[in-house]
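J.: Once you've had a glance at the structure underneath, I'll fire off some questions.
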Amino acid sequence: KMMQNVHLAPEDDEDDLYSGYNDYNPTFDTEDLENDVAFQQAARTSHGRRPPVTAKIPGTSASRPLATGFGSKATLTSSMGRPMTGAIQDGVARPMTAVHAAGYTKAVMRGSSFDPLGQARGPAPPLEMKNSDSSEEKIRQLEKKVNELVEESCIANSCGDLKLALEKAKEAGRKERVLVRQREQIATAENINLDLTYSVLFNLASQYAANEMYAEALNTYQVIVKNKMFSNGGRLKVNMGNIYLKQRNYSKAIKFYRMALDQIPSVHKEMRIKIMQNIGVAFIKTGQYVDAISSFEHIMSMSPNLKAGFNLILCYFALGNSEQMKKAFQKLIAVPLEVDYDDKYISPNDDPHTNLLIEAIKNDSLRQIERERKSMAEEYIMTAAKLIAPVIETSFAVGYDWCVEVVKASHYVELANDLEINKATTYLRQQDFNQALETLKMFEKKDSRVKSAAATNLSFLYYLENELVQAANYADLAVNSDRYNPAALTNKGNTVFASGDYEKTAEFYKEALRNDSSCTEALYNLGLTYKKLNRIDEALDCFLKLHAILRNSAQVLYQIANIYEIMEDPNQAMEWLLQLISVVPTDPRVLSKLGKLYDNEGDKSQAFHYYYESYRYFPSNIEVIEWLGAYYIDTQFCEKAIEYFERAALILPTQVKWQLMVASCYRRSGNYQKALEKYKVIHRKFPENVECLRFLVRLCTDMGLKEVQEYMTKLKKVEKLKEIREQRIKSGRDGSARSRREGNAGGDSGGTKGERLSAKLKALPGTSEPYESSGSKEIGASYIDPLGPQAERPKTAARKRTEEDDFADEELGEDLLPE
């Protein structure tokens, strides 16, 4: 009957953990516990002697409240603070074991609010702040800062800012030393972070080496190597060997390489091979080819690679051992390339998923690495073949044929044809054009790709020899063999250009560009073709596009400047010529052209600067010398003009003009004695020069010299001879004119025309008399200064240049560029 007062929660409420908590059950009334016999009996048993409960908030492990008691007010609880679930059975009092409901404590009073989560107590206290002033925290922060500096140094190095990388490495080193001292003060030496010290020192040494501060780098590496606490520090002797190699201290480099090799275990096979390769290169630098051969032979037997094989060939070539060269070449050919061939990039079916995948991997980074490796292998093989071919057999041709046969028997079959074409190129370098032509003609029956390449070269050869018909024939053969060969189309365009059909020429160049937009030769020649067609805007567009590809091409820059000059835009022309000077600062033609443009714009100071620079680099340009001399005369510095006219007289000693200029400069500067001596020298060289005699008469008269009569007599004789010569010329021309008219013209009119012709001849200078005056015999009236009156002196050159003189139509770089 004890269970009559036990109230069990219904099973329907199991899903709600907190159902019924707000209902007040009188069973849990603690006011009458003292009168509860069952409770007092339980308190006197062993159950009541348990230690008291210290928890403030009881657990909520029960899924529903359980009530116990013998009456409506008789509440029984255990000494653990949980309600009892049992009663006296068979006269024996048993302690109750009911679970205390969640949210209730023995201090809960009737009418108190329900707070199962303890929210009434307020928020939890804040987390305890770290003490930033503690030594451990300071050390941790400092260590973090050192790591950050090392990372920043490495990033700066990868970005190319070597100076910043070194500064960061030095700062990391300073902070790391401070960190070590602080750790030693608060802890034992075992707590020092050796990995951090190693990384800081290693990075610092690397940055020193990158900045070419080799002494500091070696000292830092020595600190690491000598510290026995760094287990792998000995490997850094490789880096020290590299530094000695850069310093050309090859003996020390070999020593450190060998020390590093001794400290690297045999399991690191690849690293040992690389060190042995460095040792071999160092031996080559010192000329110890036998020792180098032993290193490379070991590499080729253990782990063959292209570089070691090529270096082995070089060593045998230096020793002149032809048989070993052949063996080494065969070893080089046998090196596995480890590159998948193009078969896997060809779709076996029309599956769109497979095709999409193939397109994705056709030009990915791995494919690019494969191409680079294959290109490097081909370059090594081609270079080795060209090196050993002339020495391994009795003749160059036989040696090359042996190399071709060896290549054909290897997996580099495609290189055999390229070797044959290189053979022809070598014949060209040896100026053996017939053999080159014969070699190239052998390819006429080969496959289309090789045939096109050979025909392109043949077309180029015949074009250089100006055999345009043959060049056109082979250009057609090259185009027909491979219509998509831009070099063949370019050469075909060149042959058509030579025939003058510029419209058709442009079409060939355009087709070459459609096949290969990076064909710079076709683009350049297309620009020249547009210039010939007077389509200046299109020509400018071609050269501007070419300039975007070839930023520092002198020919392209000049063409752009020349087109702007044709378009009468001198400012733009000067801008592009200034860019050209930055590329070729010592080109005298470009400098003189720039001087001419500034002179046309009226900027004499800039014109003088560039003309003078042109003269400094090429002091034999008569036009530049003439302009500079005229400039100094115009600025009243006749003494300085003498230097330039004397230079012109040395260049053209048969022209009296320049020597007369020198004498005139002496006279106008007031140095009459030197002027007189110069005129006497000129008279001895050119005794029939009228101008020289007139100046001698004038100077001797002014200076009161006795030789005046002698020179006057000579002058009269020369003038008389000149009149006789002119009369003969006049009569001869009159007679020829009468014979042509067949007696139809009257004598008076013929005489009149003869007089006019005589007047013209008198006005024109002879071959040795460029500054001759009129035929008047009066000495005073016939005196003419070669430099003109004071107010009429030329401001630039002595004569006006024609368009034909201006840079010879500026054909710099306008040669066509065949492949």
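The backbone N, Cα and C atoms fix where each Cβ goes, glycine too.
Feature annotation from TrEMBL assigns compositional bias 'Basic and acidic residues' to 728-743, 792-803. Here TrEMBL flags 804-819 as compositional bias 'Acidic residues'. Under the heading region 'Disordered', TrEMBL lists 42-67, 115-134, 728-819. Sequence annotations record features per position, and here TrEMBL assigns repeat 'TPR' to 234-267, 273-306, 486-519, 520-553, 554-587, 588-621, 622-655.
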J.: Which bits of the chain, at least 6 residues beyond where the repeat 'TPR' (273-306) starts or stops, bring a Cβ under 8 A of a Cβ in it?
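T.: Beyond its ends, the repeat 'TPR' (273-306) has Cβ neighbours at 238, 241-242, 245, 248, 250-251, 253-254, 257-258, 260-261, 264, 312, 314-316, 318-319, 331-332, 334-336, 376-377, 380.
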J.: Average pLDDT across the repeat 'TPR' (273-306)?
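T.: A mean pLDDT of 92 is what the predicted model shows over the repeat 'TPR' (273-306).
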J.: Using DSSP, how many residues of the repeat 'TPR' (554-587) fall into helix, strand and coil, respectively?
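T.: Residue counts for the repeat 'TPR' (554-587) by secondary structure: 27 helix, 0 strand, 7 coil.
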J.: If we skip the immediate neighbours and take only residues 6+ beyond the ends of the repeat 'TPR' (554-587), which ones have a Cβ under 8 Å from one of its Cβ atoms?
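T.: Contacts with the repeat 'TPR' (554-587): 524, 527-528, 531, 536, 539-540, 543-544, 546-547, 593-594, 597-598, 600-601, 617, 810, 812-814.
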J.: As a quick check of your reading of DSSP, tell me how many residues in the repeat 'TPR' (520-553) are helical, how many are strand and how many are coil.
T.: 27 helix, 0 strand, 7 coil
J.: Could you count the residues of the repeat 'TPR' (273-306) that DSSP puts in helix, in strand and in coil?
T.: 29 helix, 0 strand, 5 coil
J.: What are the DSSP helix/strand/coil residue counts across the repeat 'TPR' (234-267)?
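T.: Helix (H, G, I), strand (E, B), coil: 27 helix, 0 strand, 7 coil.
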